[in-house]
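Q: What TrEMBL records for B:Lys153 is active site, proton acceptor. The S-adenosyl-L-methionine binding site feature in TrEMBL is assigned to B:Gly53, B:Trp55, B:Asp74, B:Asp90, B:Asp113. Summarising the annotation, TrEMBL assigns domain 'Ribosomal RNA methyltransferase FtsJ' to B:21-196.
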Amino acid sequence: MVKTWCNLTLKSIKSVFIFDSEGKKLLSKYYYPIEPKDAQKLEKNLFDKTRRTNSDIILFDNLVVVYKPVVDLFIYVVGGLDENEIMLVGVLNCFIDACSNLLKNQMEKRSLMDNLDTVLLVLDETIDDGTTNIYQILSVKKFQLMKKIDYKSQITALKFINKDELLVGSGPFLLKINIHTHETKQLKIFEMARILKIKHSKYTVVSGQKSLAILLDFNIIHSFEIDDWIIDFEFGNEIAILTAHNNLQIRDWNGNLISEKKNDSRCMLYSGCVYNNSCFSGTIFNQIIWNEKAFIGHEGVLFSVEYKDGYILSTSDDRTVRLWNVETGDCVVFHGHLGRVWKAIFYNEYVVSISEDASCRVWNRKGDLLTVWEGHGSRNVWSVDVIDGIVATGGGDGGIRLWNLEELKQNRIDDDSQVETIELPNVPKSFGFTKNLEIVDELGNFYSYKDGLKKTFTDSEFKGHSHIVTVNENTIAFNNGLILFQNRKFKLQTETKILQIFGFEFGNDLIIFVSKEKEILCFRINEYIELVGVLSPAVHFQVFEMKYDGKIVVCGSKKGALCCYEFEIQATRKLEIQEYMQIQEFEKPAPIEPCLIARHIHGSDAVTNILLERIGEKYQISTVGRDGLFNSFLFYKSDAKTNLELAVGYTLETIHKTRITKGWLEQIVKVGSTIFLAGFFNARFFIFNQSKNCEMFSVNCNAKRIWKLKIHDELLNHLEFAYFKHKHINYVQKLSDTNFPDMNLVEPYHSLETRACKFVDGLIVSGGEDSILTFHSYKNSLKRVLWCKKHEASIRCLDYQNGLLFTGGSQQELYCWKLDIQNLTCIQIAQALKSDTEARIMDLTVHGDCVVTANSDAFIRLYKFNRGFDLLFETDYHHKCVQKTRLVQHGGLYLYSAATDGKIVKWRVTDKLEFVTEYKVHQSGVKAMDVKVIDNEICVASGGDDNLVSLIIGETIYSGNYHGSSVTGIHLEKGRMISVGIDQRLVEYKINNGIEFVSRTFVDVADISDMDVSGNNIVVVGHGIQLFEQ
Amino acid sequence: MGKSSKDKRDIYYRLAKEQGYRARSAYKLLQINQEFDLFTGVKNIVDLCAAPGSWSQVLSKEFKDKDCKIVAVDLQEMAPLEGVICIQGDITKESTANEIIKHFDKADLVICDGAPDVTGLHDMDEYIQAQLLLAAFNITSHVLKRGGTFLAKIFRGKDMSLLVAQMNTFFKEVYICKPRSSRDSSIESFILCRDYSPPEDYRPTFIDPLLDYKYTTEYVLAPFVACGDINDYDADQTYPTEEGYKFIEPIQPPINPPYKSFLDKRRN
Ligand SMILES: C[S@@+](CC[C@H](N)C(=O)[O-])C[C@H]1O[C@@H](n2cnc3c(N)ncnc32)[C@H](O)[C@@H]1O
C-alpha cells in the first residue's frame, strides 16, 4: 500500500467511475451537480476515448482523467484541470488497493457487483464531497468481508470426467474429486447461483439458474448470465440453451445471443433436454413436447427429460419413471419409487433413477426393478452419473456415494445358476467355515470343502445329529455329551445334552462354553483341558448366543433378554489330554451368578448375535435380534439404581436402537471398522452394511435355519455363504473386483434442514430435522467426526456448558449429554419429563445448574439440573409461542425471553421467574436473540420475522432494516454485531451509539436458521452449513 | 402421532375445519384484509391459483348478493362455489390468461396465492414461485385498472429484493406482509402492491412478458407489515385440544393429486 501519501489532501475530485470491459457503467459517483444526460455523454466519451489511447492520464473536456484497467474493469478518477495528476493517480491506486483488499484480491466484475454496496462505502469513506485525505483510504481494513472457508449442502450435479475423476456441483462451488485418492480441488463458479448441471467433453460447461460458465482444465474461460432460467444446454461451436419459458436460445461462447426460437407452447418448464437443436420440453402440464408431438401420460409435473437413440426417459411428481419410444409413442411405466422422482439416466441396458425417497434404483428397460440403493439419509438423492459401471449419487445430505453396477449380478443372487450345490453321498447335518467349509454328515463322516470335496475322517460316534462349531481355524464337533476337538474326544459325564457350544480363542488357548439345560461349563483347551468355571443361567433364560472377552460374558436369550457375568479364568487342575477321555465334573468350581439381567431388549424375540467391544473402562454391547432391531448399549461399573431386573455393580445404558428390517437380524460381523448385519427378509438372506447404512448382498434362498457366513474383507469384495436346502449344502462365493473405490466418497452432513449449531471446544455441534446430533471438526475444512441418534423428532436448539450438552426439540424432548472431546464420545445422561401437550421446545439456555426452555405451548420452563431435570417453575406469560430464551449473569441471574408477538421480556431468576420489564421490539416473531454484558450493561440484540435487527442498551431500543427477509441468527460482542437471515445475507455492524452497517456477504446456505461465532470463525446453518473466517 | 396431533400443532388448520373453510389459507386473506382493507369499493376480482378455494370462499361470502364478478383459476380442478366462475388452467400459459381477460373489462383486485409443490431445492422453488408471481402480474397488467391492488404470495428468499424492485416500478406502494396465521417458520409472505400506475409507455403484452430482473446491485427493501390482530391465534403455538374434542375430516381434500395412481396402486 502507498504509505507516503499520508498527509496530502486533495481538494477537487470531480467524479469516480467504474466500467466493465464492454463500456457498461457499473458505478459512478459525481461530486458536483450534473444532468443525467450530460453524465451519460461524458461517460460514453470518456470510455470511447480511453479505450483507444494507451496512456493512463488524459486531459479531456477541461478535466484530468486518470484510469487503470484491472482484469475486466476500467477504473477512472476524474479531477479538475488544476488538480495534480500524480495525486489523482495516488487516489486511484489507493482506491484500487482498498477494493482489491476488500474483494479478497478478486478485483473483477463479478465480485465487484456482488459487493457493490461495500465498495460504495469505501468510496464514501475515502472521498467526501470531492475532498479526500488519502490516509483514510489506507484504513479500509475494517471493511474486510467474511472469507468463505468451507461449505456442505445438497449435491445437485455430478459428472464423471473419466473413470477416476468426478465433477461435483455443491452450491456455487465446483469440486473435482479423485474417487480413489479423494484428492479434491474446489473452484467457485457462480456468485449466487447453485450449480444444477454439468456437462463435459473437452470443455466443462456448468449451468445454474441463469448463469453459465465454460471451463478448460478446471479454469473458467468464459461465464455469462442470460435473461431466463437455464433448463438444459448443448455445447459445440455455439451453445444451445433451453430456457424455462420454453425458448431455445443459440449463443456464442461470450453469451451473445445469435438467435432465439420461441417454442409455440409458451409455458413454464421444470425440465427438458436439448438434442441436436431441438427440444424435448417437460411442461408443468404433465406433458413432454417435442416439435409438434406431445407425449402424454404422466400425472404430475416433469422433473427430468433425457433423450437417447430414439427413446425419451422422463421422471415426474407422479412417482414414476417412463420410457417412451419417440417413433411409436409407446411407453413403459416404472413403478417403485416412494417419492417424487427427480431424475433418470440411461446406461447400457439399464435405467438408473433417483428420488425424493432417498433411493437410487436400477431398472432394466422393461421396467423391472433390479436393485435399490439407499444411503442418503431420510430424503432426496439429487444427482447421479455413471461411468464404466460406477454409479455416483449425490444426496440432500451433502454426501456422495459410489455404487458398483457391475456387481449388481454378483450382489443379488436370484438364480440357482449362481449357486453351487455340494454333492455328498449322505445327508449333511452341520457345517462351519474355517479356511475351508467343514462338514459332518449323518453317518459321522467329516469332509472339508474348498474348490472340491475332501473326506477327512469318519467317527461312528458322531452318527446321527452332530454339530460343528468353528472358532477361526479350529473345528469343534459335538453330539449329545461328546465333544471332538483336534482328533481328541471328551465325554462329559452327566447325561444332560449339550445344547450349544461357544468357542473363543485367546492366544494359544481355546476357551469353550458348553451350554446345557442347568449350567454353562467353561473349559480351557491347550495341551491339556481344564474346567475353569461354571456359570449359572438366569431363570427363564435359554442361552441362544454368547460372547466372552476374558473378563465379561454376555449372553442373549431366545426370548429377547440379555444377561452378563463377570468372569475371569482361574487356574485349576490341568488334565493331560488323552485321546479319549471322560471329564469328571465333581471338581466343579462354584457357579457364578449373573451380574446383570435385562429383559426384552428385543421384545420377546431371540437375541441372535452379540458384538462385545471394550472402550476404555466400559464395554459397548451391540445386539441383533429376530425383531429386526440393531441395538447398542454401554455396559459399565456403576452403583446407580436402574430399573433392570438385576444389576449388581453394573449398569446397562442404551445408546441407540435402529430397526433394520421387518424380517430377522441374525448376525453381526465387524471387519475393520465396518459393521455388517446379516439377516432374512421374506425368503431372502441379506447383508446390510450398518456403517454405510445400505444393503450390500442378498441371496434368494429360503433357508432360515442352517446357514453359515464368512466375510473376508471390509469392502465385501470376498465372502462365502453356505446354506442348507433340500438336504444339500448350497454354496455361494463372491469374489469381486478389488479395484472398486470406497463407497463413501464424501461424508454426509444432515439430511434435512439444520436448526441449531454451536461451537463447543473445537468442534461444531449441530442438530435439525433429521434428529441426529452431529459433530464436525472445522480446521481448514468441515469434517464429520461423530454423530449420535437419540431424539425421536427434530432437534431445534442446543446449549453447552462445561462438558455438558443440552438439546431440545419437537415432542418436548429435552436431553443432557456428556461430551468427551478427547475420546470423541457423547453420551446421553438425562432426559426431562414430557408434559402431554406435544409442544415443541423452541430454544433453551443454560447457566450454572439452571436450564430454561422456550416452548411452543406458550410456556417458559425453568429447570434445576442436577444429574436430572427438576422442573421448578413455568409460566405462560407470553400467551404466544415462546421462541427464544437467554440467561445472563449481571449482579444476579436474569432471563430474557421472546415470543411470536415480538416482545422481549426480562425476568429475574430465583427458584422462579419474577417479571422485571418488557420491550416491544418487533412486529412479529423474534427469531434470533443474543444477550451479553458489555461495558457493565446488559445488551440484547435481536432479529425478527419483520426483517429488523434491534439492540436494547439500557432502556434505549435501536433498530434497523438491513435484511430482505426474516433475521434468524444474531451475534453480539463489544462494539460489534453480526446477523444472518433467510435472505442469505450475513451482515456486519459497528455498534457506536446505535447500529452502523459495515458489510454484507452473500451466504450460500438457503433457509438459514442459526449462526454461531467463536473467535475468528462464523458458522451458519440451514439447508446446509457454511464456515466463514473474519 | 395420531390424527389429532396436527390439530394441536396447527390451530388454524383446526379452525378452518371447524368454520368450514377448505384450507387454512382463508385466514391469511382475512388478516391481510383486516390490515389493508382490500375489499372496499371493489367489484371485479381475479383469484389466481385458487384451489381448493378457501380464498374464493372468503370472497364469495364477502360479496354475496352484491353486484360483482369473481373469477377463480387453478391448475387443479376446483369444487364449484356460489358466485364464483372457475377456470381450470395454467396461469403461466397465454391461453389461460386470454380466457381470464375475456371475462373482464377491468378488475379492481387481483389476488394470487399460487405456490408450486416445493421440491426442497430452494433456488428452484423460489424461482418457480417468482415465475408464478410474474405470470400473475402479466395477467394483472392486462386486467387491473389504474389504482388497483395486487396481492400475491412470495417466498422470502435470497432474490426477494429483485421482485420488490420490480413491483416498485408498477405500483406506488409495495409492502411485504405476513399474516399471523402464516407460520413464522415458513418462508412464505405476501407482497401487497397498491395503486397500480404502470409507466405511461408500458404496453402489456404476452409476446414478451416481463421476465424477472437480472441481478441488480440495488438491495431494495420493502416495509414489512405483520397482519392480523396480536390477540389472534398464534400459528406457531401448540394449543391443547379440549376434553371431548373430536377430530374433523378436512372439508375438501385435493381432487386429483399427482400421486393418485401411485396411491391407488399402493393400496392394492
Ligand atoms: C396454496 S394453494 C392456494 C390455496 C387457495 N388460495 C385457497 O385458499 O384455497 C396453491 C395453488 O396454486 C396452484 N398452482 C400452482 N401452479 C399453478 C399454475 N401454474 N397455474 C395455476 N395454478 C397453479 C396449485 O394448483 C394450488 O392449488
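Using the three backbone atoms N, Cα and C, a Cβ is placed for every residue, glycine included.
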Q: Hey, which of our recorded positions B:Trp55, B:Asp74, B:Asp90, B:Lys153 end up with a Cβ under 8 Å from chain A?
A: B:Asp90
Q: Pop the Cα-Cα gap between B:Asp74 (S-adenosyl-L-methionine binding site) and B:Lys153 (active site, proton acceptor) into the table, whole Å please.
A: 15
Q: If I take every residue in the domain 'Ribosomal RNA methyltransferase FtsJ' (B:21-196) and average their pLDDT values, what number comes out?
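A: In the predicted model, the domain 'Ribosomal RNA methyltransferase FtsJ' (B:21-196) has a mean pLDDT of 88.
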Q: For B:Asp74 (S-adenosyl-L-methionine binding site), what residues in its own chain, 6 or more apart in sequence, show a Cβ-Cβ distance under 8 Å?
A: B:Leu48, B:Cys49, B:Ala50, B:Ala51, B:Cys86, B:Ile87, B:Gln88, B:Gly89
Q: What three-state secondary structure does DSSP assign to B:Asp113 (S-adenosyl-L-methionine binding site)?
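A: SS state of B:Asp113 (S-adenosyl-L-methionine binding site) = coil.
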Q: Identify, in sequence order, the residues in the chain of B:Trp55 (S-adenosyl-L-methionine binding site) that are 6 or more apart from it along the sequence and have a CB within less than 8 Å of its CB; answer 'none' if there are none.
A: B:Ser25, B:Ala26, B:Leu29, B:Asp47, B:Ala72, B:Ile111, B:Asp113
Q: Looking at the binding-site residues B:Asp90, B:Asp113, which one has the fewest other Cβ atoms within 10 Å of its own Cβ?
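A: Output over binding-site residues B:Asp90, B:Asp113: least Cβ neighbours within 10 Å is B:Asp90.
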Q: At a 10 Å cut-off from the C-beta of B:Gly53 (S-adenosyl-L-methionine binding site), count the other C-beta atoms across all protein chains.
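A: The answer is 27 other Cβ atoms.
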Q: Could you check what DSSP calls the residue listed as 'active site, proton acceptor' once collapsed to helix, strand or coil?
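A: Its secondary structure by DSSP: strand.
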Q: Return the maximum Cα to Cα distance in Å (whole number) over the record's S-adenosyl-L-methionine-binding residues: B:Gly53, B:Trp55, B:Asp74, B:Asp90, B:Asp113.
A: 18
Q: Per DSSP, B:Trp55 (S-adenosyl-L-methionine binding site) is which: helix, strand or coil?
A: helix
Q: Can you tell me the three-state DSSP label for B:Asp74 (S-adenosyl-L-methionine binding site)?
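A: Once the DSSP labels are grouped into three classes, B:Asp74 (S-adenosyl-L-methionine binding site) ends up as strand.
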